[in-house]
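Read through the structure below, which is laid out as structure tokens, and then see the notes.
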Amino acid sequence: MIDLTIKCKEKVPSRAFVVGYPIHHSKSPKIHNFWLKQYGLQGEYLAQEVKLEEFSDFLTSTKKRGFCGGNVTLPYKQEAFRLANYKDEVATMIGAANTLWYEGDKLCATNSDAYGFSANLDDSAPNWVGETALIFGAGGAARAILYALKKRGFERICLLNRTRQRADNLAEHFGKPVEVHDWHNVGEILYEADLIVNTTSVGMTDPHGWKTGSLFCDFQKTKTTTLVTDIVYTPLTTPFLQQAKAHGLRTVDGLGMLLHQAVPGFERWFGITPQVTKALRTKILEDMGEERG
């Protein structure tokens, strides 16, 4: 398990933020405010919509604004990493930051996406173990997944991406056991994979991508014990997961990763380790239903 739960060294105001542009889509305020209410804390967690040209000034002035830290969402994760005074190993390997906090006047950064991914697997598929993983995609999300799987001790991590060069770059950055494969031998890897992860937006932006070629995955070639997960959570059960289920495979949706990645930040800012519960999941699902409705 990746340990991102070290608390700030000093007592800081219980006021945190999530910053992005746009920000209205973010579920973070509902997650953190749910926990604040659940644990009877008097803190605040506020959404901050900041334009690109204003982001640097915003981030460097957050302590003066009374914030003890916050989350960073699209499109600023890489810029937040660059601006932070201290970056831990996780953020450095992933090359992006989504969780910030202060130690004195020093702005510190980590990335909790890898933690969220691992915790979601442990929560949704307890006692599951594997040695070989197949990952679709080589974007920012894939970097977090690669870090998580290396930390979990996977012996083989196979990477497939439409643009091979991006996958090659990631394999060079992370080193063994990451290896890049071409689409023509995906069938062989499918049979060997204990875990299949979709880190692309296919299923959200291209509902039929799994069968038209943008993300083709023949689940008939997998082992019956293979676990399949998709980091996309809108829709909750993506076409990718639907097909895996249709072939009797165990699946894990992406909502749990979103919920679990929020845990380390909340603990840093408010001093309590929150629990990802069925009640929280239900609350966020209700909110998603309201937005779709």
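Note that Cβ sites are derived from N, Cα and C of the backbone, with glycine treated the same way.
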Residue from ASP57, ASP113, ASP122 that Swiss-Prot also lists as binding shikimate with SER26, LYS27, SER28, THR73, ASN98, TYR233: ASP113
Which of SER26, SER28, ASN98, ASN161, all binding-site residues, has a Cβ with the fewest other Cβ atoms inside 10 Å: SER26
Alpha-carbon spacing, LYS27 (shikimate binding site) to ALA138 (NADP(+) binding site), which is rounded to whole Å: 24
Sparsest-packed among the recorded positions, when each Cβ's other Cβ atoms within 10 Å are tallied, from LYS77, GLU89, ASP113, ALA138: GLU89
